[in-house]
Amino acid sequence: MTQLADLRRSYVLGSLSETDVAPDPMSQFKRWFDEAVTAKLPEPNAMTLATVDADGQPSARIVLLKGIDDRGFTFFTNYESRKGLDLAANPRAALLFHWVQLERQVRVEGRVEKVSDDESDAYFATRPLGSRVGAWASAQSREVPGRDVLEQREQEYRSKFGENPPRPPHWGGYRLVPTALEFWQGRPSRLHDRIAFRLQPGGDWQIVRLSP
């Protein structure tokens with residue numbers, strides 16, 4: 001077995017300074033995200049979403065970013081899933097994007113709110129038919145006796161709704177409204193560049209460099 005202590009690499013692809021970044025973090029994120037898309041990285045919109053329940057127990061999972069604008073970061077899920085229940089109890093969360101091939105990470109922290117029904121309806125209508133049916137068939141995060149039960153539910157809802165399943169009331173979007181972002185660029189000798197944006201009471205963003 002490979003020794004974990006021997007698994008390491010040097011980071012040499014780029015650098016990041018306070019003068020390099022955009023004056024607001026959303027513009028900087030869009031810049032880096034566009035570069036990840038241009039580099040044809042697999043699923044550049046994949047992000048780790050970390051939530052905390054009412055008892056302080058954290059959990060994390062990979063979800064897909066489905067919207068980005070000046071308001072924040074949008075994703076969609078089952079409101080009755082574990083993450084949905086966590087967010088109902090504690091509407092604060094963190095995101096992490098890791099673009100390995102570019103030697104970059106972006107960390108995001110903030111409060112989470114539900115998007116409007118119109119936004120959820122509009123996105124749901126763009127999903128493939130199987131995904132729309134699956135949103136009805138899966139009681140996400142709950143125990144299921146076997147896959148056959150899940151597939152039976154899928155067939156039942158496919159027969160019920162045909163080609164036009166409506167959006168389930170328990171399914172929709174969230175928006176993480178950021179209060180802090182950090183842009184990390186790998187550098188040699190583990191002296192990585194870390195540029196952080198912190199939202200100030202007046203609405204401006206403070207830009208600071210953090211030690212690696």
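Note that Cβ sites are derived from N, Cα and C of the backbone, with glycine treated the same way.
If you check Swiss-Prot, you get these features:
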- Arg8, Arg9, Ser10, Tyr11, Lys66, Tyr123, Arg127, Ser131, Arg190, Leu191, His192: substrate binding site (BINDING)
- 61-66, 76-77, 82-83, Gln105, 140-141, Trp184, Arg194: FMN binding site (BINDING)
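Measuring Cα to Cα from Phe76 (FMN binding site), the binding-site residues that fall within 10 Å are Lys66, out of Arg8, Ser10, Lys66.
Spanning the listed substrate site, residues Arg8, Arg9, Ser10, Tyr11, Lys66, Tyr123, Arg127, Ser131, Arg190, Leu191, His192 have a farthest Cα to Cα distance of 43 Å. Taking the Cα of Arg8 (substrate binding site) as the reference point, the closest of the binding-site residues Val63, Leu65, Arg82, Gln105 is Gln105.
According to DSSP, Ser10 (substrate binding site) is assigned to coil rather than to any helix or strand. Take the Cα of Gln105 (FMN binding site) and measure to each of the binding-site residues Ser10, Lys66, Arg127, Arg190, His192: the nearest one is His192.
Counting only residues at least six positions away in the same chain, the Cβ atoms of Ala46, Met47, Leu49, Phe75, Thr77, Lys83 sit under 8 Å from the Cβ of Val63 (FMN binding site). Just so you know, the Cβ of Arg190 (substrate binding site) picks up 10 other Cβ atoms within 10 Å once every protein chain is counted.
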